[in-house]
Structure formats: structure tokens, C-alpha cells
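Undergrad: This structure is in C-alpha cells; I'll ask about it shortly.
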Amino acid sequence: MAGVQVANLSRSFGAHKALDDVSIDFADGGFYALLGPSGSGKTTLLRQIAGFDFPDSGRIAIGGESVERVPVEKRRIGMVFQNYALFPNMSVADNVAFGLSVRGEAKATIASEVQRALDLVQLGKLGARRPHQLSGGQRQRVALARAIVTKPRVLLLDEPLGALDKALRVDMQIELKRIQREIGITTIFVTHDQEEALTMSDRIGILRDGRLVQEGPPEEIYDKPKSEFAATFLGDANILRGETTGTGIRLADGTAIAAGAGATLAAGAKASCAVRPERIRIGTDSGTSDPNANMLRGQISKRIFAGNNSTYFVDRDGQTIKVIVQNTGVEKLAEGQKVVLRWSPESTVLIAASQDMD
Amino acid sequence: MAGQVVTGSRSGLRSALPLLLPAYLWLTVAIFLPLSAMVFFSFMTELPLSGRAWSFTLDNYATFFSQGLYWTLLLASLRLGLEVTLWCVVIGYPAAYVLAKVFRGRSREAIFLLVILPFWSNGLVRIFSWAMVLREGGILDTALNAVLPFKINIDLMYSYPAVIIGLVHSYVPYMVLTCYLTLQAIDDSLIEAGRSLGASRLQMLKRVIIPLSMPGLVAGAALIFVPVVGSFMEPRILGGRTGTFYGTVIEDQFVAVFNWPLGAALSFILLAVVLVILALASPVLKRVA
Amino acid sequence: MATTRILEWCGRLYIWLLLAFLYLPIIIMALMSFNVSPFYQLPFEWTTEWYASLWLNDQLISATWNSIEIAIITTVISTVLGSAASLALYRHEFRGKKALQALLFPPIAIPWLITGTAMLIFFFGVGIGRGLFAILLGHVALALPYVIVVVSARLQTFAPELEEAARSLGANQWQVTSRVTLPWIMPGVIAGGLFAFAVSFDQFVVSYFLSTPGQTTLPVEIYAAIRKGFTPEINAVSTIIIVVSMALMLLTARSFKFGGEK
């Protein structure tokens, strides 16, 4: 096992900068999610770490050893592909055995290792099957067994759950996490599904246009996004824009919004505040229970009922603010109703106006 | 997705070369250099091999343009190509349509294979087989005289129609193949949709099916026309004395008259004609491929 | 509905007529090779004497051996070189790749008369001359594009992730090719090989220009015989050829579905 260090990694394809000076430290034994929209460079980064492609500049180290010019077959990594890439001409057992066999391991060793790996992914009895005889979830497990049986230093997963349906995906998330804990392997996971990233990983890196926008533990990124992009891409956020007052912002109509967290900014600069929809309370009375709370007035333009919660879209001064409320059965507001929105400064993050929001 | 392009562009030509070189070297030596040599040769007065003096000349081309014979023969060959192609369309397209839209499943596969099979078998032998049918006292003659009450004399052998029949027989599977490929790609629901809108069979054929299968028709036509214009064995066997075409004259220059430079010039002119036709058809050919 | 039925019935009938047009001459030719009369006269009387007399025709037998030898060598060379080139074209992206692929088209599309005479001129010019070696050179070149097209078509159905997966598991280039890629494209390689054999074994035009009296192939020998006059012996040898080449193509079709269902 080993950690992975990526430092100042850049890679261009023609005029397109797929990776632009990316540095990330992947901790030994950690589960790290690379999150971003398509074209953000997350897959390119994974392929650089795997060794399918080499960087223009920058360093990649696995377990402290520089590998940026080492081809994939010598890097001792394990990879699970989006479509699993199981060899159709081999049985399940032969697929799993492949990595050991090209290494010239003894037959007996291979057989016992393959069985152990298949047992680990709970497919111990299906070794003789062909890949096309398996379900999607089973193929996924075979791909995983094949990737870890060689005891790689790092496990790379390229949107491994993307091809599965929703219910199966949740099962596999739990399963994947269990196996990863059991063998304690450093795992790097590419996904565009923010929920997957939040639930599975202990660190997340958000990429956009080839640059690392923010990285850290899931809670930290969720609670303290450093950019409007990070705020809106990971989870849902309302963005209010205005001029900074040092501890918050002032909106165009003069309303002051206080922020409890975020950047320290010189007064007068352009800035914005991010608020999560579930942190906003919605009501009809203007009575102040908490004098410090941020407050805005508006009118409900739309309500979407979703079982355990409802989403309200509240129009205010040309902007729509989204509010999510648990359905407790007590309060029910109608479309067209005038409402007051309140939330605490602690739930408000001050974000410097940056070039990443256009 | 983006990734594969990536790996490629990096490894690029240099890593592809060891695997590519042998095949393309071979093609160069046996196809491309010979074709260039032919052009070179067509401007010579003599074979440079026999030790005789030679020089560059335009005479070979002048011969072609000044002597009406070669012109006439080229036109005759082009006409032959056109006629054979037309017959192949007339016979092959309906067959392709029936195959694609009437037959289903295994019987379709089997019949498709049966139609294509002769195309990939020996062309010379198939041309020869027509001699058995067409000659006086041959099968056609005997069969017709057995059926008809009056005596007729069928001797198509060594005639222009014999050449046409032989060539159509040789090339019609090509037309069936290319048309079938485009026709079977037309979704049946499209035809049903058209019919539900009130179009008659004929209207559907004219306004939907033929336009959609045009690429197959053009591809088949080009792939038939080109070799027919350059044919010489078929006219020789089935056409006898009437079977003098542009191709047979080129053959003569190389195996009988031994005027290679003139043969090269005639070949090159044919090549030019062929290339023009292929270039005109190439956008369509690419789509079919 | 009734009209549809009638039209479909007409369609089927038409196909059978076409098949009759395609096969009857060949069947008649084959029958005549078993007929006693050397002038193809009816009534039909069964004999195998024309086949027996083939065995005594040394020229024909040596030409047959030449054809088989050249076809086998052509198959081996063009299959190996062609498969390698297909792999290179599949794996790598580079400038001029489109042009290289387009270059495969002329050898298929240019009439063999032109290719054959051009080869004759060039091989004479560089001192290779005519003969079996020249014929082999030509046949491989004619077969190569077919092999490349067929193998490439098979490669189109191959997922590049499979090669990447193999590499990520530590396989070197040779292991990737031999254990993952080749097993997958094998049906294409076999079909390409059969194509190559057929192209060479049936090739007449190019062989015709490149052969010399002693060094010739079967189709060239048959052509010479036909031009001297028709004999049942020609029918016999032609029947053998057509059976062999059709059997070959049936084999090819089995190992590689071309056309057919979507």
C-alpha cells in the first residue's frame, strides 16, 4: 500500500488544457473521490495516475517513488473500468487470474489467490462462468476482484457504478466501501455523481476545466465551499451577490447579509454568499425570534412536493431562492403566498467573486 | 473517450510504424511504384531494357488522340460499362429489395449468401460456363427448340449480347450486395409510417426508399462500371471477333504486339478515366463503407 | 393484404429466377464435364474420363501446384502483414492515418488490367521479371487490402478498454496482444486469410501478365486452353476450381458474418 502524490501536474491536448497545475496528496489507505462535470479533467487525472498517458510537466509519486514516466504495466496499480472491461474470451476465474498469470506466478498460487479474491467479492462459486453470463452487479464484482488480486499499491476506479441502476448502485457503494476497508488500499475514485462522492469518500477533490477547485473532507467542502462553483456543484446552494462588508455582503437593494464563515475580504469588493436550501426557514410572520438571523422577503412562485420534503421556489427581487422543508404536516404554504425567509449567519458562507463564475 | 485519442496522439506514428511498414512497403513495391512506373513508361519511345536507345516522347498519347480507333474503342468500352451497369441495376436492385424486405431470418441469410457466393468464386470459369449455354447446339438452343414448335437457331456465342450477359452475370451480385446493405438499414416502421400517411407503394418507392438507398446504388454502379470498362478476358471468350474493346487492345500491346510504351499510355488513360469516376463516387462510397 | 401477398410471392419467384441465372450455367458446365461427348452433344451419358485425363496433363497439374503454393504463401504473408497493419491502424492515432486507409482502396478498385500491366512494366524495369515470384509479389499486394479491411472490421467491435485493462494488470505489449487482442480478432484473421487464399487462387488477370510459359497458374492455363478451343477437360478442371472456391467462401462466411442481419 502506498499514498499517491500528484504535484503541479499539467497536460494539454493541442490548445486544450486538460490538466492545469493540479496538486493533490492522496493519503495512504484513504478513499478519495475526484468529482467534476464531464470535461473537467478528472478522468485525465486518473489516467495519468494509472499511466495510460504521461504528463507534460509535474510529478506523480506512488509510495514516494516517482512514476510519471513509468508505463501502466509497471506501475502496479489496479483499475476498474466504467464498462468493467472483462475479457470476453476468458472465464471469470481466468479474468481474475490474468494479472497473476502474466506475472508468471505458480499455478497453485494463482488458483488460491483467485479463489480468495472471488470470495472477498462474494462470487466464490461463479469462477467457471463467462462474463456474458453475469449480471451487471456481478461483472462489477469480478472487475473489482481482478483489480485487487494482484495486490496493487493503489486502486483506481473510473465511474465504476455508472452503468448500474439506482438500487444496485447503492448496494455496490456499501460493498465497495466494505472491501476497501477490509484490504485498506489507497483508492481513487472518479465520479460525476456528487451523492456518491459524499457518501463514499473520506476526501473529495473537485475539478473544473482542468484545475483543482477545492479539496478536503466531504463535510468541509459542503459547509465551507470556497467558490460558487464548489457550492453549487457539491449539493445545492442559493447564491446571493453583492458588495462585501467584511463579515458579509450588502445586496443591491441595501439588505445586509451576515456570513459566519468563509473568506476574509476587504470591504467594498464584489462577493457572494452561499446558503444551502435546507438551512433556510420559511414562514409567513415577520416577528423576529432571532435578531441576528438573515432575513429576506419574497413570494412563493412554485412548490414541488417530494414525499418527505417539499421544495419552495421563492421569488425575490428578480432572483429565485430555493428552500427545502421537511414535511412535518404542520405547515403548508401555497403558491403565490408572501413569505419571510430566515437563516443563521453560521449557515452562510462568504465567497470572493472569482473568475470561475461567469 | 477523450482518453483514447490521447494515448494515441502521444504514441503516434512512431510506435505504429513497425506494424504498418511491412504491409505498406509491400503495397508500395507491388502497386504504387508499378503504377508510377507505368506513367513514366508511357512517355518513352522504346523499352529501356533491350539496350536500344530511348528518349522521352509524347507520341504514345498523340497516337491515342490522333487515331480514331483508340477513341472509338474507349467509347465502346465506356458504353459497355454503362450498359452492363444499367442491367445490373435493373436486375439487382429489385432482388436486393425483395431480399431485404420480404425474406426474414435464416432464409434471408442463406439466400443472401447464395447470391454473393458466385461473386467470390472464379470469374474466368464463370465466363467460360456461359459458352456452354450460349453456343449453337448449346443448352439454350436445344432447350428452346425442344419447347418451340418451329425451328430457330440460337447462336448468341461470339456476339455483343453474349459479352453483356457474361458481364452482368459476373457483376450483378455486387449490385445486390451494396443495395441490400443500404436497403436493410431502412427501418420497416418508416415504410409503415409512409403508408399510414396515405402514400401508395409506388410513391413510397420513389420518394423514400430509392432516395435512402441511393448510396448503395451509386456504390454498386461505380464498383461495377470501373472493372467492366477495363475488362478484356470476358470479351475475348464470349465476344470472339466482335469482342474487341479498349481492354483487349491494351492486352494486345503487352502480350501480342509488344508495344509496351503505347500499352502504358493506353493503360494510364484508362486509369485516369477510372480515377475520375471513383473520385466522383467517393463521397457516396465513403458513406456506404 | 391480398396484393401484398401476391407481390411478396412475385418477389420470391424473382429471387429464385435470379439464382437460376447465377447458377444454371455453372451447373451445366459441371454436368458437361461428366458427359461422354467431347463436343458437348446430348443425350447425356455419364463418364469420369475427363477427370481421369486431367491426371495425365502434366502442364495442368504443375500449374495447379503453382496455384496452390502461391495461394498458401500469399495467405500466410498477407494475413500476418495485414493483421499487423490493422492493429497499428486501430491502436494509434497519427496524422495521415486517413490517407493510409484511403490507400487501401486503389488496389481493390483499380481494374486488374491496369494493375497487372503496371506490375509487368515495373517488375521488368527493376529486374524481377516475370514468373512465380512476380506473381506472388502481386497476389500478396492484391490480398492485403482485403485482409486489412476484414480484420479492421472485426477490430471495430473490440473495446479498447480491454487492452488497457490488461496493461493495468501488468501485461506487456506482447502479452496484451497475444492473450487479449488476438483471441478476439481471430475470427476476422481467419476470414481475412480465407479471403486472401480465394483472391490468390482465383486470380487470373494479374497472373496472366506476370506468368511465363513454364511458370504459370491454373486460371492462366485454363484461359490458354479456352482460347485454343473448348474441351470437356476444361469443364472438368473448371468444375473443380469452382467447387473449391465456393467451398472456401462458405467457410469464410461461417467464420465471419459479412452483411446479413443487423
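Cβ coordinates are placed from backbone N, Cα and C, and glycine is handled just like the others.
Not my notes, these are from TrEMBL:
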type: DOMAIN; residues: C:64-252; note: domain 'ABC transmembrane type-1'
type: TRANSMEM; residues: C:12-34; note: transmembrane segment
type: TRANSMEM; residues: C:70-90; note: transmembrane segment
type: TRANSMEM; residues: C:102-126; note: transmembrane segment
type: TRANSMEM; residues: C:132-153; note: transmembrane segment
type: TRANSMEM; residues: C:184-210; note: transmembrane segment
type: TRANSMEM; residues: C:234-253; note: transmembrane segment
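Situate these features within the shown structure.
TA: Outside the transmembrane segment (C:102-126) by six or more residues, the chain places 134, 137-138, 141-142, 144-146, 148-149, 203, 205-206, 208-210 with a CB less than 8 A from a CB of the stretch.
Same-chain neighbours of the transmembrane segment (C:184-210): 67-68, 70-72, 74-75, 78-79, 82-83, 86, 112-113, 115-117, 119-120, 123, 130-131, 134-135, 138-139, 142-144, 146-148, 150-151, 153-155, 158, 162, 216-217, 219-220, 223, 241, 244-245, 248-249, 251-252, 255-256, 258, counting only residues six or more beyond its ends whose CB sits under 8 Å from a CB of the stretch.
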Undergrad: Counting only CB pairs under 8 A, let me know which of C:12-34, C:132-153, C:234-253 has the most with the transmembrane segment (C:70-90).
TA: C:132-153
Undergrad: Which residues of the chain, 6 or more past the ends of the transmembrane segment (C:12-34), have a CB below 8 A from one of its CBs?
TA: 40, 44, 46-48, 50-51, 232, 235-236, 238-239, 242
